[in-house]
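Following: one structure in structure tokens, then a few remarks.
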Amino acid sequence: NYLTITKPHSFNCWFAKNKVVFIVKLKCFFLSLIGHGNHKEDSPFLSSTDAASKKNDFYDKNLALFEEELDIRPKVSSLLSRLVSYTNITQGAKEHEEEESAQASRRKTPKSPNMGTLMGVYLPCLQNIFGVILFLRLTWIVGMAGIMQSLLIVLMCCSCTMLTAISMSAIATNGVVPAGGAYFMISRSLGPEFGGAVGLCFYLGTTFASAMYILGAIEIFLKYLVPQAAIFHATDPPGSDSAMLNNMRVYGTICLSLMAVVVFVGVKYVNKLASLFLACVIISIVSIYAGAIKSMTHPPEFPICMLGNRTLVRDRFDVCAKTVIKGNITVPSQLWDRFCLPGNMSSAQCDDYFIQNNVTEIPGIPGLGSGIIRENMWGDYLQKGDILEKPGLQSVDAHGAMENFGMYVSADIATSFTLLVGIFFPSATGIMAGSNRSGDLRDAQKSIPVGTILAITTTSLVSVVLFGACIEGVVLRDKFGDAVRKNLVVGTLSWPSPWVIVIGSFFSTVGAGLQSLTGAPRLLQAIAKDNIIPFLRVFGHGKTNGEPTWALLLTGLIAELGILIASLDMVTCYLFFLMCYLFVNLACAVQTLLRTPNWRPRFKYYHWALSFLGMSMCLALMFISSWYYAIVAMGIAGMIYKYIEYQGAEKEWGDGIRGLSLSGARYALLRLEVGPPHTKNWRPQLLVLLKLDEDLHVKYPRLLTFASQLKAGKGLTIVGSVIQGNFLDSYGEMQAAEQAIKNMMEIERVKGFCQVVVASKVREGVVHLIQSCGLGGMKHNTVVMGWPYGWRQSEDPRAWKTFINTVRCTTAAHLALMVPKNVSFYPSNHERFTDGNIDVWWIVHDGGMLMLLPFLLKQHKVWRKCKMRIFTVAQMDDNSIQMKKDLATFLYQLRIEAEVEVVEMHDSDISAYTYERTLMMEQRSQMLRQMRLSSAERQREAQLVKDRHSLVRMGSLYSDEEEEVVEAPPEKVQMTWTREKCEAERRNRNNAPENFRELMSLKPDQSNVRRMHTAVKLNEVIVNRSHDARLVLLNMPGPPRNTDGDENYMEFLEVLTEGLERVLLVRGGGREVITIYS
């Protein structure tokens, strides 16, 4: 306000330069006024109230004690009313349409989801489980694997799904589950990275499952319902497979388009059709049981024609015999004409195998009482092209002609146990059909566990034993029913007619495809609305009633890819489902073991061991069925995970992985508390003290650059700063400062933590940081701070006093200290030194820090090409040759490659230059001390500080704004002086020429002269040897014990480092940090 009124031009210029910082400060200021803005999931208040209710909150007479906080801490009654009014209406749940007429000016009121357990969960699960695999492939699986191995396959798959359903029930009853189902549960339990990766994989699995169901429906339509509807026809038997695939592609695309239109119109029409489709499924299952019971006394007539022990395709001929009698004449049958030249009864013109073996007929459905179960007990795996043979029949092995191969029923693919597991498992994947539609359920917490577990229990009663005990083995192994006149194999067992199963299975597969095509777009829309994957954002939009239009379009395109594959056995969607189930179990196990306070599921029949067992089974099934597809699926999920981690929006959902990290960190910290790290494990854990300017910009960002080069991403880095002021008033500024430092850390690639302290004095704030940063064993052991530039030019001593006080505090706390001097000349992370030296001047042993730091710096690409040189100083009484040998041996044992030099420093007289330098230093100190004692100067300084505080109440490290008043000695006033005498004495004291004479006659202290002599001599040697070094590391002498010589100490350091471009002053922490032992 002051600037805008008095100096509007200055304010405009300042605002143009500091717009971003100004906005950050303003935001933090408002946050400090109104509290923090939280994510909607962090708050239990699910809907807002109107102004009237808020006003009533404030003026409730019984709550006068709390009236100032009622905006952030509402009344209990208000909270409960908001919870009651909450509904989980989400995309796809609002089944109202906008009125098309021109008179409609407003939309209908959204209806709450009203689907219960039966229609919402149980029936969709039942329909998906009793889908295409049960009707088209289960009999074939029993025939190939045998009853025992088939039971093992079913047991494995159903156990896996049942354990997953238990875990899913626990997660689903642990709070409100809106749309998204499995994705929502995984992402909120394991985090956005796992949730997004597994959610997208589950979406792909559901989409390809819809293609699988559509292909199953088209296979039933073209093979069993209307075979004459085929568009493409094969001219020869080997080409029949390709013609069939082309027919399935055409009809599958048409069917997919029709289903997509039905889903686009609205999910309520899918639900209306679901009951019809499910009725067909139930009738089909009942007819199978009825047919099995009837087969005990009256098995259905489905004879199979066998040539030797080989099964013949029954629709290629009329009579199962080589000859037939017409009148009284024996004539060749159609079967004869297929294997021999037509019209010729001579055996010389026939197939060898046909002539040497007899044609017999056996029942295709012997029935429950026939004992066929013994023959079907064990498996008979076939390779592609193998002819189906019955082991018990006699056969003469003879070579048959290849042109007659089409007369036999043969295996279209090679089979194995793992392949059959992969083919059967999709029939068990229907357990998620209910949870995918969680947004449409009235009470998802109740419906999902009850409906899912009930559906699995119901379907498990349909035993494979039934098929193995009733149907002939060669018929079971006949995938397409060629041996029973192209009838569906399951249909041959049903009662009263095979058409019941054919029609029921067709409608069942169509219904399952509709359910998958309904659930997949809603899953994608839920992922897109969470905004964790930026490029999927467009799929979060839909129609006005929330129907996911764009997601449905993408789902249709991906499903079309599955349709183009056209082979029911090749559409492998189950791996994505298995991965989803694996992470559902993992989520439940992690939440159970962590025992987070929010883990309170209403479903109580779960245990972490069951979840781990389910997870292990899912992983085993993935690699048993197809290890290479499992690796591909896990690779896809891994890539999505890394993409979300680096590019996706950051989300905090209080997930279990965060809790797991916290638990692991706590365990590690408790382990670290046992004792200090061994010397071999010691590495600098940095506390970097930063200085901020008045606009919250980091004044010396190269300090962070140096820290990142030294750490290379390893160990602990804490970046701290101090704001001068009152915590209650400066909270917003503290947040803005933290954000500015975090941004700079990100730019400089510093991996670590930020801590900003508000203190009344900067010196006290630095001490607080040194004492309190870190936690447990993860505490800093090294402090990095900048050099107080301009301390000579400043008349205010507070800047260098704060610096020296910090040096004393680090020494007292047994912490190492690094002071990079001329830090602005240090290289950035983008520069690289191709040559040069890092010189170490080892004057006194300080724990080995000087040896370790260059080694760590050389790990970084900036310093990697630099060579290391170590200089040490020898006095007159030292053997410099032996010192060099010993130092070389020591470095060899340390495994550090460096050149070694010993510099001899001879005793010499103190030069006149040293004496003059010391004298100037002490005269300057005395003069500044007298100036600070001047009352006029004190008043001017106080006014200056007051003006600064009125403009910006902001302090930073080494700032000049810390109020520190130097006490003046009391004036001596004689009781007998007159008023004039007193004023004259005061004038004389202010102008005192004798003070100047005292200053000129001052003699330097001898200890200061000695110290200056050392600094000058060392500086001469260092500059002579290391003037062209990339970096010079030097022992930092400690401050004097007597605080009166603090200013002289700063001068000694300046003299010691004069003429050097980059200097790193190092003080050890009082312990060894490097060792020669392994």
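The backbone N, Cα and C atoms fix where each Cβ goes, glycine too.
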Query raised in the report: TrEMBL tags one of 14-34, 413-433 as transmembrane segment - which one?
Result: 413-433
Requested in this report: Determine which recorded stretch among 121-292, 701-819, 832-912 has the most C-beta pairs below 8 angstroms with the domain 'Amino acid permease/ SLC12A' (392-687).
Outcome: 121-292
Query raised in the report: Top stretch among 121-140, 152-177, 197-222, 273-292 for CB pairs under 8 A with the transmembrane segment (250-267)?
Result: 197-222
Query raised in the report: What are the DSSP helix, strand and coil residue counts for the domain 'SLC12A transporter C-terminal' (832-912)?
Result: 24 helix, 20 strand, 37 coil
Requested in this report: For the transmembrane segment (152-177), could you work out the same-chain residues 6 or more beyond its ends whose Cβ comes under 8 Å from its Cβ atoms?
Outcome: 86, 88, 141, 145, 184-185, 189, 417, 420-421, 424-425, 427-429, 431-432, 435, 438, 444-446, 448-449, 452-453, 456, 459-460, 464, 578, 581, 584-585, 587-589, 591-592, 598-603, 605-606, 610-611, 613-614, 617-618, 621
Requested in this report: State the non-local partners of the transmembrane segment (197-222) in its own chain: residues 6+ outside its ends, Cβ under 8 Å from one of its Cβ atoms.
Outcome: 131-133, 135-136, 180, 182-183, 186-187, 190, 229-230, 244, 247-248, 251-252, 255-256, 259, 426, 429, 432, 436, 488, 502, 505-506, 509-510, 512-513, 516-517, 519-520, 523-524, 526-527, 533, 555, 558-563, 565-568, 571-577, 579-580, 583, 633, 636-638, 640-641, 644
Query raised in the report: Can you name the far-off residues of the same chain, 6+ from the ends of the transmembrane segment (121-140), with a Cβ under 8 Å from a Cβ of it?
Result: 212-213, 215-217, 219-220, 274-275, 277-278, 281, 284-285, 423-424, 426-431, 433-435, 437, 441, 447-448, 450-452, 454-456, 458-459, 462, 464, 467, 471, 475-479, 488-490, 501, 504-505, 508-509, 511-512, 515-516, 568
Query raised in the report: According to DSSP, how is the domain 'SLC12A transporter C-terminal' (701-819) divided among helix, strand and coil residues?
Result: 53 helix, 25 strand, 41 coil
Query - Segment confidence, the domain 'SLC12A transporter C-terminal' (701-819), expressed as mean pLDDT - result: 86
